[in-house]
Amino acid sequence: MKLVVGLGNPGPRYAGNRHNVGFMAVAALARRHGIGPFRRKFQAQVADGQIAGARLLLLAPETFMNASGQAVGEAARFHKIAPEDIIVLHDELDLAPGKIKVKQGGGAGGHNGIRDIEAHLGPAFWRVRLGIGHPGHKDRVLTYVLGDFAKAEEDWLAPMLDAVADHFALMLEGRPADFMSKVAAQTRPAEKAKPLATAKPKEGEARTSGGSVAEVGAPPPSPTGLAAALAEALDRKSQKGNG
């Protein structure tokens, strides 16, 4: 059994953020392959299913990004899933918009969600890095990742999500190079994302060393909040299945 994780912040407030592209990818996988419904378990929204005969558990943490390892670790221990059988989809500032890269192990690259998973499970899990581009200056990163995708970004975002969902069976078969090749052939990454003006974090959020956010004093998200956000994100971002 594989554990397939999408990273993001829970709730409609963050549903369209660039930082939530991992959630969007999990939603695209669920819809393309008929997996669901999602239910609340392991401090996350989870759904069991199969892709090309391979059993998997889709998981989107209901913790905030910086505590993603709590949910992933809990699910992995319960199902006795080794880190080598865990695939995490997440946003990547250092890749051009629409470009993806896959790697196993390595460092967190400044991504606090990945860092927290490493703290709970070690570094041996797989990462599918979904390029969102860089705003051009480190002072703009927080505003950029917590900003919603612009309409102009739909030109590469929806095709990337579609391609990931179309060819994900290759990842489950242990063929990451073929997966990357197929996604690249199906998409045409944008050359560069435009930087946004620097802004302060939203009220109730704290800046972290890696540019992610933690919500201060916020109530826990409702059990159905993330499922609704996943559905909303997919309806907005996926090209296929809409006639």
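Positions of Cβ are set from backbone N, Cα and C atoms, glycine also.
Worth saying up front: this structure is predicted, and the values here are computed from it rather than measured.
So that you can see what the record holds, here are the features copied from Swiss-Prot:
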ACT_SITE  HIS19  active site, proton acceptor
BINDING   TYR14, PHE64, ASN66, ASN112  tRNA binding site
COMPBIAS  189-206  compositional bias 'Basic and acidic residues'
REGION    184-225  region 'Disordered'
SITE      ASN9  site 'Discriminates between blocked and unblocked aminoacyl-tRNA'
SITE      ASP91  site 'Stabilizes the basic form of H active site to accept a proton'
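When the CA atoms are compared, the recorded positions lying within 10 A of ASN66 (tRNA binding site) are ASN9, out of the candidates ASN9, HIS19, ASP91. Summarising the environment of ASN112 (tRNA binding site), the number of other Cβ atoms within 10 Å of its Cβ, over all protein chains shown, is 22. Of all the recorded positions listed here (ASN9, ASN66), the one with the fewest other CB atoms within 10 A of its own CB is ASN66. Each residue contributes its Cα atom, and for TYR14 (tRNA binding site) and ASP91 (site 'Stabilizes the basic form of H active site to accept a proton') those atoms are 14 Å apart. Annotated pair ASN9 (site 'Discriminates between blocked and unblocked aminoacyl-tRNA') and PHE64 (tRNA binding site), C-alpha to C-alpha distance, rounded: 5 Å. Between the CA atoms of ASP91 (site 'Stabilizes the basic form of H active site to accept a proton') and HIS19 (active site, proton acceptor) there is a gap of 6 Å, rounded to the nearest whole number.
Secondary structure at ASP91 (site 'Stabilizes the basic form of H active site to accept a proton'), as computed by DSSP, is strand. Each residue contributes its Cα atom, and for HIS19 (active site, proton acceptor) and PHE64 (tRNA binding site) those atoms are 11 Å apart. For the tRNA site, whose binding residues are given in the record as TYR14, PHE64, ASN66, ASN112, the maximum C-alpha distance rounds to 17 Å.
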